[in-house]
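Below: one structure, written as structure tokens.
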Amino acid sequence: MMCEVMPTISEAEGPPGGGGGHGSGSPSQPDADSHFEQLMVSMLEERDRLLDTLRETQETLALTQGKLHEVGHERDSLQRQLNTALPQEFAALTKELNVCREQLLEREEEIAELKAERNNTRLLLEHLECLVSRHERSLRMTVVKRQAQSPAGVSSEVEVLKALKSLFEHHKALDEKVRERLRVALERCSLLEEELGATHKELMILKEQNNQKKTLTDGVLDINHEQENTPSTSGKRSSDGSLSHEEDLAKVIELQEIISKQSREQSQMKERLASLSSHVTELEEDLDTARKDLIKSEEMNTKLQRDVREAMAQKEDMEERITTLEKRYLAAQREATSVHDLNDKLENEIANKDSMHRQTEDKNRQLQERLELAEQKLQQTLRKAETLPEVEAELAQRVAALSKAEERHGNIEERLRQMEAQLEEKNQELQRARQREKMNEEHNKRLSDTVDKLLSESNERLQLHLKERMAALEDKNSLLREVESAKKQLEETQHDKDQLVLNIEALRAELDHMRLRGASLHHGRPHLGSVPDFRFPMADGHTDSYSTSAVLRRPQKGRLAALRDEPSKVQTLNEQDWERAQQASVLANVAQAFESDADVSDGEDDRDTLLSSVDLLSPSGQADAHTLAMMLQEQLDAINKEIRLIQEEKENTEQRAEEIESRVGSGSLDNLGRFRSMSSIPPYPASSLASSSPPGSGRSTPRRIPHSPAREVDRLGVMTLLPPSREEVRDDKTTIKCETSPPSSPRALRLDRLHKGALHTVSHEDIRDIRNSTGSQDGPVSNPSSSNSSQDSLHKAPKKKGIKSSIGRLFGKKEKGRPGQTGKEALGQAGVSETDNSSQDALGLSKLGGQAEKNRKLQKKHELLEEARRQGLPFAQWDGPTVVVWLELWVGMPAWYVAACRANVKSGAIMSALSDTEIQREIGISNPLHRLKLRLAIQEIMSLTSPSAPPTSRTTLAYGDMNHEWIGNEWLPSLGLPQYRSYFMECLVDARMLDHLTKKDLRGQLKMVDSFHRNSFQCGIMCLRRLNYDRKELERKREESQSEIKDVLVWSNDRVIRWILSIGLKEYANNLIESGVHGALLALDETFDFSALALLLQIPTQNTQARAVLEREFNNLLVMGTDRRFDEDDDKSFRRAPSWRKKFRPKDIRGLAAGSAETLPANFRVTSSMSSPSMQPKKMQMDGNVSGTQRLDSATVRTYSC
């Protein structure tokens, strides 16, 4: 453009001609003038051309505006015509039309009936007229010629009466509508018919009498003739004849009177017949009026039909016109939109041209000014050039510099135009950014509202939890009050202790004597001096002389002999504690003696041994046992109270033991158990070792804090089957129940039944295991906790045994590589119990102490896993508590499965050897996905801990980072599939299970029947697989891509909705909620294009503008944020660029573990870094959940039953 406006001045036509030696400047000045004139002419022509184009564009704009105005007028007129032509109530008109059709049909039926009745009446009337005309004379002459009437006259009267009767009956049926007016006439007609019938009968009778009288009169006349002809007859005969004749005359006169009466009645009948004929005429008149009405109704019917046809034709015409008008309206709309677009474009072009025109005018002015200056300078230089040729050379240089400057000026102007265009683009982008900011603010407002709602809900739930905790605190307060009362009773029982010690020593001597007698009577056991054969410590009571069991104790050599020979060696423990231990053993024997009667009947094998032992025992031994039980019965209450209070006396020693245990760690707990049984630390007859014996009631079990997870599970009624290593029973009134949950397996029920009667058929390995676990040296005398567990059961519940005790001990046969483990768990529990009591007293039952206790327990669990990891033990060598902690923390199994596994699985070898059917039968896991979860977790931890297995890169799955709570609460909502959360949480689906879910599992167990949702789910799994199941990497990438378009692969459903809002499709954005649309679907599914997205957004096909915007922005999104690209041939199909693996290269285990160290337990994944115990609860809180609502939801989801 600038080249046309400002042509460059050629250098060949300048002053070099003057430098050729001619010496005159006159030829160069006209050339410069001509160039300037050409420049001005070209500028003027350009201006004229621009003005012409401006005028043309203005004219076209005016024309288009006029057309648009006309189109608007035409549209308004058509709309008005449409409104006037179409009825307002079309549905009402159709209903009325249907009603009119029904009425017309009814009228046609009535018309047909009236026509038929009219024909019938016409025929009947014609027949009546014929009869009347035929029999008129006979009716008139009936009375006159009654005597000589022939039988034909009767038939004519009968026919007339029949015709009238049929006529009246027909009119009865005809006149239904005028029945009220004709009711009186019909009644009268019926009366007349009856009278007519009666008269007809009387006439018949009179005819017969008349015939008889005729015969009599004929005979009388004959007699008169004879009398006249024979007058010489006697006077007697004449007198007789005269008498009979008088009688006949009287009869004739009577008959004449009767005939006169009948004639009068006949005249009355004629009058009535005349009235009936008048009535018939009236009916005919009514029939004529009905015919006229019928004709009118037919005419109206035809008119209505004609109107209906016209209305239907008008309706069809109007529909056709409406369709044409709609088409024209749509075309006009399209034309109007196109005209608006063209108008906007033309206005923009006009504004640009105006600005360009102003710029050119300014440039022209500047050029003119420069030109004038140049002319002045040129004149001066020409004047000087006449005398100074050097000045001409300088002028030539200046002219060349001026031309270069003009060229540079043209380049600068072009650059200015480019900068202006870029500025306009930036302004548009700024407007879009402001719109996005507004949308983001609206979205933030919605999010704040939802967060407020969630916070209110969480506040309500926390209030409920607070109420429950306050109730638990009240229970603790009541327990403390009971403890204070027990202390008072302890002071009272201190006085009686000396007498009780003396009595117990005497009873012990008698018991030793009875045991020696029982051993001498037994012949089936060859090893009397060897280790006693027992499995459960409660079975000690079966070895006295009254017992029916075949298990007999050896003579008590260890402690008793040492006590008699050298008391100083054995009395290293506290004298009082030792005496209490002896009391406990004696009382356990007596309690078992009382329980043996009920326990005899369980099991056939046990019954054989019991019967054989009865034959060996003497009746005197039974009597001695009975007397011994009667003697001790009175003292059991006081001894029971004293032993319960011994727990409180041991608080200080147990606190010291807990401190030692926490310093030494879990690796040296076995030695600590032995140290406690041999050193100066006294044993724990009631609380510390109670969990290693089967408790008869809850009195012997240590109390735990009520904030523990198993206690919450017990309160929810999910599973109260808690094994001894994790007993959390509140008070001595609480027993271990299974009312609210089924047993863990059928095998557990069978073992519970065997526990009552088959306590004696165990092996020497079990005896060694129990001795090691309780930390004893010399046998049953030194095991005080085994006797204490059944004391209170004599009064409270002598026959009640927990399912957990039977399962835990009979499964304990498999636990051979763990001596002292039960003692370790018991000591740990005792320490926890007493520490809990002391902390409650110090802090006043505050929540801080409960939280610290909970954190300490969690830290101890993590220390177990850290110890196993530090030692490098394979999973098969893990012990029972470590396996249970692994299930609870890393696998994320619910509390009821953890409890069942704690009761049934005692080592990692047992857990790894379980098959699918054994998992279902032994642990009670019936859900196939639950079994899949457990099997995959076992395979993963075995490969992770096996020294021969290759290192895996997916270590994050093994440590519970992406458990089922993360899947249900975070991952599924990020995919836009939160509607399946409850099914996934119920099936405990975690990240390691995602690659193993089949279509059958998705459709059946997880209820994901929509194929599009399954495709979206698979794309989400592919995204996790590409990120190597690294949760931290996923969260980091999502955080980075929150405000800019990149890494669409990791976009969540919310991020896609925000992108939809940012491109200006706000009204359709909410349609993507719960639709399954997320970034991985956009980036990985080749078949998912903008049309599928528009279908999910529910954008109508008529809205071409929104669809065009979506197509443009969708393509830009794929280009900028994904690896999908347009092919050169077809813009609609995409291809995948092979650069994804470069972005996500596989990381080594060390780097991955170091990057995800925050989600792992401390001192486990990375051995070089250690975290303090105080930081551990925070890390676990970060692992478990992200928000307060998710933390609250997890507690409710765990109550599913399998």
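Yeah, the Cβs are placed from backbone N, Cα and C, and that goes for glycine too.
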In Swiss-Prot, the member of Ser618, Ser693, Ser708, Ser1172 to which phosphoserine is assigned: Ser693
Range annotated as coiled coil in Swiss-Prot, from 623-669, 1093-1139: 623-669
Among Ser239, Ser267, Ser786, residue that the record in Swiss-Prot marks as phosphoserine: Ser239
Which candidate, of Thr381, Thr543, Thr734, Thr761, Swiss-Prot gives the annotation phosphothreonine: Thr761
Ser77, Ser448, Ser793, Ser839 - the residue Swiss-Prot records as phosphoserine: Ser448
Listed as phosphoserine by Swiss-Prot, one of Ser549, Ser763, Ser846: Ser763
Of 847-871, 947-971, the range Swiss-Prot labels coiled coil: 847-871
Number of Cβ atoms other than its own within 10 Å, given for Ser448 (phosphoserine): 10
The domain 'SAM 2' (963-1027) - residue tally per DSSP class, helix then strand then coil: 49 helix, 0 strand, 16 coil
Tally of DSSP helical, extended and coil residues in the domain 'SAM 3' (1051-1120): 48 helix, 0 strand, 22 coil
Taken over the coiled coil (1021-1050), the model's mean pLDDT: 91
